[in-house]
Amino acid sequence: MAKISVIGAGMTGSTTAHWLAEREIADIVLVDIMEGMPQGKALDMTQAMPIIGKDVMILGSNDYADTKDSDIVVITAGLPRKPGMTREDLLVKNANIVGSVAEETIKYSPNAIYLILTNPLDTMTYMTMMKTGLPANKIIGQAGILDSARMSAFIAMETGVSVQNINCYVLGGHGDSMVPLTRHSNIAGVPLEKYLDADKLEAIVQRTRKGGGEIVGLLKTGSAFYAPSAAIAQMAEAILKDKKLIVPCAAYLNGEYGQKGIFFGVPVMLGKGGVEKIIEYDLNEDEKTALQNSADAVAKSVEELKGLVEL
Ligand code: APR
């Protein structure tokens, strides 16, 4: 059995473990700084396994030694966004947490692939690359699957069509500048405009951009966790099963889409090597401009990170 360590056993971390166990693809180690909490959640989940019929070992721990030889390390440790807080407000606090988690875990799992969930996502992936020293293809940020799934869910709610027929692609940074690509999205191969008038579609695009904030506003004490963690489980399965799955993720760009030196949401092929390929879409001038604006916002926050914490 493969091994996945999930660092941070809070809302997103424990829900990630839950979705992973459902998929029965790896044994799971859940690590947190809070004593007893990961152990309690792991034991509770272990006791659910006979009910759902999955043979998965789930260990809770406060000790990084238990993560030894993980195939995948998922980082969710950090503070969640509170109402009124932007993702960037979290930058310094979470950068220090993610930096220390990266340094600790890489000692025990030098061959792992890292999946990052902690926000601000585009900079936390960068931090992980710097602190682990791993090649960029082994560091992948979760954002695009979630943002695309939010858009798909809103379209399903509006049209009544099965979510399985709805294909949406949201690229760019994981912030308000993200770029929902309506021209590349479709319902069973039919353009979205055939199902939705322009106003409805624009409202869905705007709601997608603010999808995370909408949930923070409702929950009041934290941020979304079911959908972000479901996305991590999909990524982990694609990697462990070497599926060559094409999904939007935050990947390190080296000239693709005209960008260099940032993690940015683009379609990637996921397989046993992590990011095995970056897929480049043909974009029109409006789409290119929107992506450039989003890339500028991400590059700015990476520069900010470099000024605030030691890399
Ligand atoms: N090492 C391990 N765990 C840590 C550390 C650390 N250095 N610092 C904090 N944690 C743990 C906390 O104890 C907590 O249990 O991280 C967990 C975070 O869980 P929640 O507070 O429930 O937050 P969550 O909703 O999971 O969000 C975590 O993921 O989606 C992003 O924006 C979100 O950045 C946030 C992160």
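Using N, Cα and C of the backbone, Cβ positions are placed for all residues, glycine too.
Cross-referencing ASP32, ASP71 with the NAD(+) binding residues that TrEMBL gives (GLY8, ALA9, GLY10, MET11, THR12, GLY13, ASN94, LEU117, THR118, ASN119) picks out ASP32. Geometry remark: ARG81 (substrate binding site) versus ASN119 (NAD(+) binding site), CA distance 8 Å. Looking at GLY8, GLY10, the binding-site residues in this record, the fewest other C-beta atoms within 10 angstroms of the C-beta turn up around GLY10. Ligand 1 lies within reach of ASP32, LEU117 from the binding-site residues ASP32, LEU117, ARG150, judged by a C-beta closer than 6 angstroms to any of its atoms. Taken residue by residue, the domain 'Lactate/malate dehydrogenase N-terminal' (3-141) breaks down under DSSP into 70 helix, 26 strand, 43 coil.
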